[in-house]
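Reviewing the structure listed below.
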Amino acid sequence: MRILSIIRIIGILVMCFSGTMLVPAFVALIYGDGGGKAFMQAFMLSLIAGTLLWWPCHHHKQELRSRDGFLIVVAFWLVLGSLATLPLLLFDSPHLTIASAVFEAFSGLTTTGATVMTGLDNLPKSILFYRQFLQWLGGMGIIVLAVAIIPLLGIGGTQLYRAESSGPLKDQKSLPKISEVAKALWIIYASLTVLCAIAYWLSGMNLFDAIGHSFSTISNGGFSTHDASIGYFNQASIYWVTTIFMLIGGVNFSLHISAFLALGKRNIWRNYWKDPEFRFFLTMQIIFIGIVSLSLYGYGLVSDINEAVTKGALQLTSMSMTAGYTIFDIDNLPPFIGLLLVISAVIGGCGGSTTGGLKAIRTLILWKQIDRELHSLIHPNLVQPIRIGKNRLAPRMIESIWAFFIIFILVYWGCVFAVILCGMNTFDAMGAVFATLTNAGPGLGFIHESFIGVPESAKLVFSFAMICGRLEMFSLIVLFIPSYWKK
């Protein structure tokens, strides 16, 4: 284990992250809301912390191994989340406890979208911008965004990319060099954000709301600058902009990269449609949106079919992309609709996207595995390999997906048990852990709108669940294996 080299890298990344505090400080200056001091203090403290980590180890530039990448990813997320709490603690309004600030910061960085803050409409613009900006930074994963500069630091970036990337096919690279992948991600991610902000602005949002919501829409984070979430605007055009860009953020970004490289060369739509996961993902979205829309109309929750489709598409997409935007009180929806929303959140979006959940590719492979087992019962001698497109999946790949599913269940019930010990009842604990572990945001029970009333200790458990969900279990759980720390 190259501990000193790892500390050096963490220090450099923390120093880079400290610079992000200057952006909301500039926003505070523009609006004159008095928040600049808190962000400048947070900037200085973060910069000092990064320097103290980096300087004693700055001569250690050993090449990282694969196992080192996992520790860097987890350590950086924990350190980053801790530093991200500083502005929230330094502000006089809102006045947050340490546990609440930790919860809010990790919810932003992991793009969960759950919140312990209320009265958003009356908060300083700079703190509202900061929450949105945190989700934008966390959307693609801080480490993936940083790998473009990792080669400049004297180490290779492949291990970090593999540890942070999501989805079971993450060993497949979209481009030969990881720095090129990261740069392409930056260009695409930033371009989509700008397009989303323009679309919001043209649809009637003011510039501040348009920029803020573009951050949380592309990242599928779900934070809003208003207590009523996206429902504050109550406008169909804004709802459709939200739905479309959430879906774009829910697509595997390797497909976006391929489409970006193929501009002007071939039919871009074919580039997406030939991907089995994308076809499964889009088909499931259309089916779920249709069912939810018809259900909303059938239950009389909307006035006409157009409103049903508009609101059904938004609410279903928000849950399935684990974004966290809400226009309905989920806890008071008919059980059938609520169940569909929960199922969609469990499935999530595509691997390699900004969404949470199990991911569409894993769901597709598990479905094919179940189908094969059922056919094997009928034809015991049948040899039927599982294929995704033209690729035949190795047994090891299928085993890893089942292992992920089992780990997901174990972590879920472990967190539920821990939250119950913190004082929450079973139903609320199950709903809250589901919301945080899948990074979906809205919970069930009394936390369906805000986590402000949960015990302080439970907020720390939820923060752990968010990190587990964001790093897809294994990247974090592997650190608890004793053999990981052996030479």
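Backbone N, Cα and C atoms are what each Cβ position is placed from, and that goes for glycine too.
Cβ atoms under 8 Å from those of the transmembrane segment (3-29) belong to residues 35-36, 39-40, 42-43, 46-47, 49-58, 60-62, 64, 68, 71-72, 75-76, 79-80, 83, 87, 124-127, 129-130, 133, 137, 142-143, 146, 149, 153, 155 of the same chain, restricted to positions at least 6 beyond its ends. The feature transmembrane segment is assigned by Swiss-Prot to 3-29 (among others), with similarity to another entry given as support.
Tertiary neighbourhood of the topological domain 'Periplasmic' (30-35): same-chain residues 24, 87, 91, 124-127, selected by CB-CB distance under 8 Å and a gap of 6+ residues from either end. Annotated topological domain 'Periplasmic' per Swiss-Prot: 30-35 (among others), in sequence order, evidence recorded as similarity to another entry.
Positions annotated as transmembrane segment by Swiss-Prot, on the basis of similarity to another entry: 36-57 (among others). The list of residues near the transmembrane segment (36-57) in space but at least 6 beyond its ends in sequence, with Cβ under 8 angstroms from a Cβ of it, reads 4-5, 7-8, 10-19, 21-22, 24-25, 28-29, 79, 83, 86-87, 90-91, 126, 130.
Annotation source Swiss-Prot lists topological domain 'Cytoplasmic' at 58-65 (among others), citing similarity to another entry.
The transmembrane segment feature in Swiss-Prot is assigned to 66-90 (among others); the stated evidence is similarity to another entry. Outside the transmembrane segment (66-90) by six or more residues, the chain places 1-2, 5-6, 9-10, 13-14, 17-18, 21, 24, 35, 37-39, 41-42, 45-46, 49, 96, 98, 100-102, 104-106, 108-109, 127, 130, 134, 142-143, 159-160, 162-164, 463, 467, 470-471, 475-476, 478-479, 484 with a CB less than 8 A from a CB of the stretch.
The feature intramembrane segment is assigned by Swiss-Prot to 98-109 (among others), with similarity to another entry given as support.
According to Swiss-Prot, the intramembrane segment annotation covers 110-115 (among others), on the basis of similarity to another entry.
Panel annotation: around the region 'Selectivity filter part 1' (110-115), residues 103-104, 135, 138-139, 216, 219-223, 322-325, 354, 356, 435-436, 439-443, 447, 450-452, 462, 466-467, 469-470 of the same chain, lying at least six beyond its termini, place a Cβ under 8 Å from a Cβ of the stretch. For 110-115, the entry in Swiss-Prot reads region 'Selectivity filter part 1', with the evidence type similarity to another entry.
Marked as K(+) binding site by Swiss-Prot on the basis of similarity to another entry: Thr111, Thr112, Asn220, Gly221, Thr322, Ala323, Asn439, Ala440. Its own atom aside, the Cβ of Thr111 (K(+) binding site) has 34 Cβ atoms within 10 angstroms in the protein chains shown. According to DSSP, Thr111 (K(+) binding site) sits in a coil region rather than a helix or strand.
Along the topological domain 'Periplasmic' (116-124), the predicted structure has mean pLDDT 90. The topological domain 'Periplasmic' annotation in Swiss-Prot covers 116-124 (among others), and the record cites similarity to another entry as its basis.
Per Swiss-Prot, transmembrane segment is recorded for 125-150 (among others), and the stated evidence type is similarity to another entry.
The topological domain 'Cytoplasmic' annotation in Swiss-Prot covers 151-177 (among others), and the record cites similarity to another entry as its basis.
Here Swiss-Prot flags 178-202 (among others) as transmembrane segment.
The intramembrane segment annotation in Swiss-Prot covers 207-218 (among others).
Using DSSP to sort the residues of the region 'Selectivity filter part 2' (219-224) gives these counts of helix, strand and coil: 0 helix, 0 strand, 6 coil. According to Swiss-Prot, the feature region 'Selectivity filter part 2' maps to 219-224.
Marked as intramembrane segment by Swiss-Prot: 219-224 (among others). Sequence-distant contacts of the intramembrane segment (219-224) (same chain, at least 6 residues past either end, Cβ-Cβ under 8 Å): 107-108, 111-113, 115, 120, 131-132, 134-136, 138-140, 212-213, 230, 232, 246, 249-250, 318, 321-325, 349, 353-356, 441.
For the K(+) site, the Cβ centre of Thr111, Thr112, Asn220, Gly221, Thr322, Ala323, Asn439, Ala440 serves as reference, and the other residues of the chain with Cβ at most 8 Å from it are Thr110, Gly113, Ser219, Gly222, Met321, Gly324, Thr354, Thr355, Gly356, Gly441. The Cβ neighbour count for Asn439 (K(+) binding site), using a 10 Å radius and every protein chain shown, is 32.
Residues 168, 358, 362, 365-366, 369, 386, 429-430, 432-434, 436-437, 458, 461-462, 464-465, 468, 472-474, 477 of the same chain lie 6 or more positions beyond the ends of the transmembrane segment (394-421) yet place their CB under 8 Å from a CB of it. Cβ neighbour density within 10 Å is lowest for Ala440 among the binding-site residues Ala323, Ala440.
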